[in-house]
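Novice: My structure is below; once you've seen it, I'll send some questions.
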Amino acid sequence: MKDVVGSPGTWSGMSLRVSQCVFAGASVVAMASAYGFSNYTAFCYLIASMGLQLLWSFGLACLDIYSLQTKRDLHNPVLVSLFVVGDWVTAILSFAAASASAGVTILFERDVHFCRMYPQLSCGRYELSVILAFITWSFIATSAVSMFWLLASL
């Protein structure tokens with residue numbers, strides 16, 4: 001049962017990793033280009049978490065590309081265990097960062113109306129970055145579950 005969708009060294013695995021990279025990078029760019037993001041810890045945590053996710057996913061995407069070119073099998077139990085731990089750690093960090101940033105964004109938009117009182121705040125970019133972070137997390141969660149499934153089948 002080594003034919004798990006999203007497993008390392010497959011086209012589906014590579015597409016998951018590339019999607020994670022693209023959306024994590026877009027989330028970082030959206031937040032970093034927003035005025036005043038550095039004044040709020042949750043937004044800084046989101047950038048740090050998405051930056052870590054970008055590096056992790058980029059490294060594994062490169063490994064998938066190498067594996068596809070050389071026809072190497074990456075279904076080694078030790079290697080898959082490393083992928084499982086890395087995916088679950090980054091998934092938890094990304095979900096926590098996205099949730100914290102969503103909480104601050106909702107607070108600004110709906111509860112204290114900071115966005116109306118301080119129009120220089122880039123609330124639209126905060127929202128966009130949070131949405132992209134949740135999309136990134138959905139790809140990470142898919143990858144983490146498929147890695148766990150693959151590890152159980154080895």
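Cβ atoms are placed via backbone N, Cα and C, with glycine included.
This is the feature table in Swiss-Prot:
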- Asn39: N-linked glycosylation site (CARBOHYD)
- 1-17: topological domain 'Cytoplasmic' (TOPO_DOM)
- 39-42: topological domain 'Extracellular' (TOPO_DOM)
- 64-77: topological domain 'Cytoplasmic' (TOPO_DOM)
- 99-129: topological domain 'Extracellular' (TOPO_DOM)
- 151-154: topological domain 'Cytoplasmic' (TOPO_DOM)
- 18-38: transmembrane segment (TRANSMEM)
- 43-63: transmembrane segment (TRANSMEM)
- 78-98: transmembrane segment (TRANSMEM)
- 130-150: transmembrane segment (TRANSMEM)
Novice: Using DSSP, how many residues of the topological domain 'Cytoplasmic' (1-17) fall into helix, strand and coil, respectively?
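Specialist: Its residues fall into 7 helix, 0 strand, 10 coil.
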Novice: Residue list, the transmembrane segment (18-38) vs rest of chain: Cβ under 8 Å, 6 or more residues beyond ends.
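Specialist: For the transmembrane segment (18-38), the list is 44, 46-47, 50-51, 53-54, 57-58, 61, 94, 101, 120-122, 125-126, 128-130, 132-133, 135-136, 139-140, 143.
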Novice: Would you mind splitting the topological domain 'Extracellular' (99-129) into helix, strand and coil residue counts from DSSP?
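Specialist: Secondary-structure composition of the topological domain 'Extracellular' (99-129): 24 helix, 0 strand, 7 coil.
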Novice: Are there residues at least six beyond either end of the topological domain 'Extracellular' (39-42) with Cβ under 8 Å to its Cβ atoms? List them, or say none.
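Specialist: Same-chain residues near the topological domain 'Extracellular' (39-42) but 6 or more away: 97, 100-101, 103-104.
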Novice: Near Asn39 (N-linked glycosylation site), which residues of its own chain have a C-beta under 8 A away, given they sit six or more steps off in sequence?
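Specialist: Residues satisfying the criterion: none.
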Novice: Other than its close neighbours in sequence, what residues sit by the topological domain 'Cytoplasmic' (1-17), given a CB gap under 8 Å and a spacing of at least six beyond its ends?
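Specialist: Counting only partners 6 or more residues beyond its ends, the topological domain 'Cytoplasmic' (1-17) has Cβ contacts under 8 Å with 57-58, 60-61, 63-65, 67-68, 72-75, 79-80, 83, 139, 142-143, 146-147, 149-150, 153-154.
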